[in-house]
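**Student:** The structure's right below; bear with me while I get my questions together.
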Amino acid sequence: MLISKSKMFKTFWILTSIVLLASATVDISKLQEFEEYQKFTNESLLWAPYRSNCYFGMRPRYVHESPLIMGIMWFNSLSQDGLHSLRHFATPQDKLQKYGWEVYDPRIGGKEVFIDEKNNLNLTVYFVKSKNGENWSVRVQGEPLDPKRPSTASVVLYFSQNGGEIDGKSSLAMIGHDGPNDMKFFGYSKELGEYHLTVKDNFGHYFKNPEYETMEVAPGSDCSKTSHLSLQIPDKEVWKARDVFQSLVSDSIRDILEKEETKQRPADLIPSVLTIRNLYNFNPGNFHYIQKTFDLTKKDGFQFDITYNKLGTTQSISTREQVTELITWSLNEINARFDKQFSFGEGPDSIESVEVKRRFALETLSNLLGGIGYFYGNQLIDRETEFDESQFTEIKLLNAKEEGPFELFTSVPSRGFFPRGFYWDEGFHLLQIMEYDFDLAFEILASWFEMIEDDSGWIAREIILGNEARSKVPQEFQVQNPNIANPPTLLLAFSEMLSRAIENIGDFNSDSYHQVMFNSRTAKFMTNNLEANPGLLTEYAKKIYPKLLKHYNWFRKSQTGLIDEYEEILEDEGIWDKIHKNEVYRWVGRTFTHCLPSGMDDYPRAQPPDVAELNVDALAWVGVMTRSMKQIAHVLKLTQDEQRYAQIEQEVVENLDLLHWSENDNCYCDISIDPEDDEIREFVCHEGYVSVLPFALKLIPKNSPKLEKVVALMSDPEKIFSDYGLLSLSRQDDYFGKDENYWRGPIWMNINYLCLDAMRYYYPEVILDVAGEASNAKKLYQSLKINLSNNIYKVWEEQGYCYENYSPIDGHGTGAEHFTGWTALVVNILGRF
């Protein structure tokens, strides 16, 4: 096989093969077609910039024993403090004017652009692959932002062939020069095999002063040519490439200054002083730095290619012209695939043109896809700390132990702020990704489901694997605990996937759907094979169902509420016997001011907190999980399970109305026991996202009169409707805009998206172009869709980025910058709704 795949995929595909061989209706050729699909998936997704936290960092997917790790860094070495502006990890502190993908598809490649005013650099990185996915090339191209400003672009590449030495020799070694500044390496990986790695200049002017006989200030410190240093760095420390580089160059500077204390060096020799050299006479090792320093007073800039070719490959990339051709083909192919999935017709909005709208959507989707990463390592878990639910104080997780290693293939909310997997976010990411590449969304979903613990059914709310991922997380959030949940959005996404497959085939339980198989001849032009061929999804559902059942049961058990506290109250109200006692829930782990498990951290809850508090959103998410499990059981023909889930779903829906609907407030609310009178059920009503969640998750019956009341709330400009989207909390609420102000007014795309989607479900006429006066729902749908998408576009046009959330006052971007996680759902709104 090409790679050592994870246990998950080995098991899945072996199971599929057994099922096919056992079926009388499927011949060997069909089995071969399944194997071709597997091969296509593994090859097309093997290589990509899967180090989400880096501006550009490569590693292969599901290769963890001996991966080749690669990264790009840069700085202005003409500045004495240039090392402080060395770019490596994506971080808001760098204050780049722009960074991100303009066009990107992990199966194909793309174009990433960096505008770095401090370093006077307009840097473009192209990433392309051979058609079979085995080989790749990275083209690094830079131009000065201001050629009149004296500066350099000192670009630092690093490569590490992890996995140790082979027969006492380095597993990645330089084997020659094809030119004065071109280098060739031979590498070997236990999983990838043998390969060549080349670095070749196309054009550019290395920094030098023609008046000087030499630019060398110490042996090896010469900025007028490519500098190379090889050394041994432990695999677990490779992610510290920036720190190691800064340390080695700083030591070199001190050595130079100590040896020539009285000599005053000209300013244009500073780039040589800031060039890496082998000061300590390291023996060659698995790790390599390559530093190229270009003169940015030359308008034409510079360009060089980094190329990886597997030995024995049939599709090697060997010339500059081939790289150029692959770049052209890749960008054209991605654009064609994008246009096939999304349509941007003229509409009654203020976006200037279809092409501008399309460019915004393509860039936004590209940055969501560009955040996809492969993570491998240990996770910190505290299984000892006990939760005292009566205190409602922040619980310190001080008994963490490393567990693992684990692996996760996932997208991330933000490369600069949150470059790791978030359970709450990922389901929303998949709702967008599946519209472009259904099979890719499935690969991510399957990786997450593999994180379900076999014994307990728990999934951590954040997956933080290894030191590189952990370095970007505040210490107080690094440790996970099995008592804490998060909204189960992954099942929301899986339910949508199954719905798509059912729609495409018709009767999912008929025998005919098994006959629709993968077509190997068209695979390389299709990324929705699983959507069109539900047999694969069914076999996967069979494999994963026991784990999903454990996860479902874990969530219900861990978040169960205390209904007995309400017995006398509800008996007095005459509804105790109608209540379904097993379907009441609250979020475990809330404090006086925050409820992190709910995902809506500071959204106002009952004050003071009480152990008897019941949360309407926790119940609603159980409804979503149950509906998804019912659908899976239907697909698998598990009739008794399906009936049981249908019963639980009905009980959830009834409890939403019986327990959480306030007739006085006309909305869904949390409930608690009145702190001043323990014989009264208190409706804790804070109109906002929690109030509309049963609607957004399609849990209200279609014939319910409550639908119109929820629509009225969403339409009210005095409450949560605005020119920029639905506010997270009503303007009239006492907590609006107060304190941290995270979910107390700011506009979030994920809930807005669910509300728009729910309106399409409850009111099909909202998308129909029919004459006559529009209904309240249609007016809301049309105005919300336009307001939301126009504001996100406007902020992107002005600032260059999507944001985590948006101001309820004037719509400007707030929270994390360059947040193309669930905010990227704007692409669906523009191109699909």
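Here the Cβ of each residue, glycine as well, is placed from N, Cα and C on the backbone.
Pulled from Swiss-Prot, these are the listed features:
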type: TOPO_DOM; residues: 1-10; note: topological domain 'Cytoplasmic'
type: TOPO_DOM; residues: 29-833; note: topological domain 'Lumenal'
type: CARBOHYD; residues: N42; note: N-linked glycosylation site
type: BINDING; residues: N42, N122, E143; note: substrate binding site
type: CARBOHYD; residues: N122; note: N-linked glycosylation site
type: CARBOHYD; residues: N135; note: N-linked glycosylation site
type: ACT_SITE; residues: D601; note: active site, proton donor
type: DISULFID; residues: C669-C685; note: disulfide bond
type: CARBOHYD; residues: N787; note: N-linked glycosylation site
type: ACT_SITE; residues: E804; note: active site, proton acceptor
**Student:** What is the nearest of the recorded positions N42, N122, N135, D601, C685 to E804 (active site, proton acceptor), using the Cα of each?
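**Tutor:** Out of the listed candidates, the nearest Cα belongs to D601.
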**Student:** Please identify, from the recorded positions E143, D601, E804, the residue with the sparsest Cβ neighbourhood, meaning fewest other Cβ atoms within 10 angstroms.
**Tutor:** D601
**Student:** Taking N42, N122, E143 as the record's substrate-binding set, what's the max Cα pairwise distance in Å, rounded to a whole number?
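**Tutor:** Output for substrate binders N42, N122, E143: max Cα distance 36 Å.
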**Student:** Of all the recorded positions given, namely N42, N122, E143, C669, N787, which is spatially nearest to N135 (N-linked glycosylation site) at the Cα level?
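**Tutor:** The answer is N42.
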**Student:** In whole Å, note down how far the CA of C669 (disulfide bond) lies from the CA of N122 (substrate binding site).
**Tutor:** 51
**Student:** Across all the protein chains here, work out how many other Cβ atoms are within 10 Å of the Cβ of N122 (substrate binding site).
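**Tutor:** Excluding its own Cβ, the number within 10 Å is 21.
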**Student:** Any same-chain residues 6+ apart from N787 (N-linked glycosylation site) with CB under 8 Å of its CB? Would you list them in sequence order, or say none?
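**Tutor:** When sequence neighbours closer than 6 are ignored, N787 (N-linked glycosylation site) has S722, D723, Y724, G725 within Cβ distance under 8 Å.
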**Student:** Using C-alpha positions only, work out which of the recorded positions N42, D601, C669, C685 is nearest to E143 (substrate binding site).
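**Tutor:** Given the candidates N42, D601, C669, C685, the nearest one is N42.
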**Student:** Look up E804 (active site, proton acceptor) in the DSSP assignment and reduce it to helix, strand or coil.
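**Tutor:** Looking at the DSSP assignment, E804 (active site, proton acceptor) belongs to a strand.
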**Student:** Of the recorded positions D601, C669, C685, which one has its Cα closest to the Cα of N42 (N-linked glycosylation site)?
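**Tutor:** For N42 (N-linked glycosylation site), the spatially nearest of the recorded positions is D601.
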**Student:** Which is it, of N42, N135: the one of these glycosylation sites whose Cβ has the most other Cβ atoms within 10 Å?
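**Tutor:** Highest number of other Cβ atoms within 10 Å: N135.
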**Student:** Specify the count of other C-beta atoms within 10 Å of the C-beta of C685 (disulfide bond).
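**Tutor:** Within a 10 Å radius of the Cβ of C685 (disulfide bond) lie 22 other Cβ atoms.
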**Student:** Between the residue listed as 'active site, proton donor' and C685 (disulfide bond), find the distance joining the two CA atoms and give it rounded to the nearest Å.
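**Tutor:** Computed Cα spacing between the residue listed as 'active site, proton donor' and C685 (disulfide bond) is 17 Å.
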